[in-house]
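Quick look at what TrEMBL annotates:
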- 21-41: transmembrane segment (TRANSMEM)
- 61-85: transmembrane segment (TRANSMEM)
- 97-126: transmembrane segment (TRANSMEM)
- 132-151: transmembrane segment (TRANSMEM)
- 190-207: transmembrane segment (TRANSMEM)
- 296-307: compositional bias 'Basic and acidic residues' (COMPBIAS)
- 296-316: region 'Disordered' (REGION)
Amino acid sequence: MASGLLVNARLATVNFIRETSISAKIACVLFSFFYALSFLFDTLKPLGITPGYLIPPNFWIWTIFTYQFIEVNCFVVFSNFLVLIYSSQVLEPVWGLVGFLSFFGIVSVISGFTSGAFYLACYMFARNLDFLFDVSIHGLAGYTAAVLVALKQCRGDQMIVGSIGLFMKHLPLVNVLLISALRIAGLVNGSYLVLVCSGTFISWIYLRFYQAHSRGRGDAAENFSFKSFFPKPFDGPMGILASVIYGFLLKVKLCRKTSYRYDVGAPSKITITLSGVDALDAERRRNKAIKALDERLQKAEQHHNDASEWPELDDE
């Protein structure tokens, strides 16, 4: 019986590995490689982000690209494997390999950079060298938070715990609050919380304004607005904050007005582009365009039928 269980476990493991995407396999190999290096030397300093080393004269810019693969706890490494495999299985079929890798790379790099910049700003205000050289930013916390934001976007209405009304769309805020509580209790480092907040915010900005898809860029749906991350009583303040953020991004030309493309006519292949409109307005204009196109096609068909009728011949 024991041998049968071992055989079943082996088959299940082989099938699981076989079904895992190549991107997740490569990421897991990189994690394993850097984790093995941690037994040879301290990988946190040369490969993790230390804010003071991001600026001259050191300028260790490569750490922005390596920090997410650095971890010294085997249990955290295993949990990172699960995050990578699950996210690739859920998001890669929707976005494609290039879209998935773009999401991983952009969110990880910018989250690391903004986390380092946060501690540089803390040093400028507090003049405390601890913010520069006693902080180590590493691990996949930012990307894990970003995956929760992506799940809110594509599976927001999926229920997780029905008894308390917990849906997938609630996970980003729950994650931030949980990590904040752990930080207050002294169970996680401050850099971990900063990285989680950065990953949450950066991933929302990317998915909201920048991610390319067949209808244009971004996702202006009301259920993915910034205020939708918070309970209803916070709609007003969060809506104002989101408008300020959006206006700032437009002003510094880091963001363009969201555009949508609709192919609404197979015969004439008419494409309509709508810029700077919300989802409801986009749908309204789309329906109006489809109605106008239907009327045009009906008139064209009627004219074609009239022209194709043969004249009656009088009997001699």
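Every residue, even glycine, has its Cβ placed from backbone N, Cα and C.
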With the transmembrane segment (21-41) as the reference, which stretch in 61-85, 97-126, 132-151, 190-207 has the largest tally of C-beta pairs below 8 Å?
61-85
Of the listed stretches 97-126, 132-151, 190-207, the one with the highest count of C-beta pairs below 8 angstroms to the transmembrane segment (61-85) is 132-151
Would you mind listing the long-range same-chain contacts of the transmembrane segment (190-207), meaning Cβ under 8 Å and 6+ residues beyond its ends?
103, 106-107, 110-112, 114-115, 118-119, 135-137, 139, 141-146, 148-150, 153, 172, 175-176, 179-180, 183, 218-219, 224, 226, 229, 245, 249
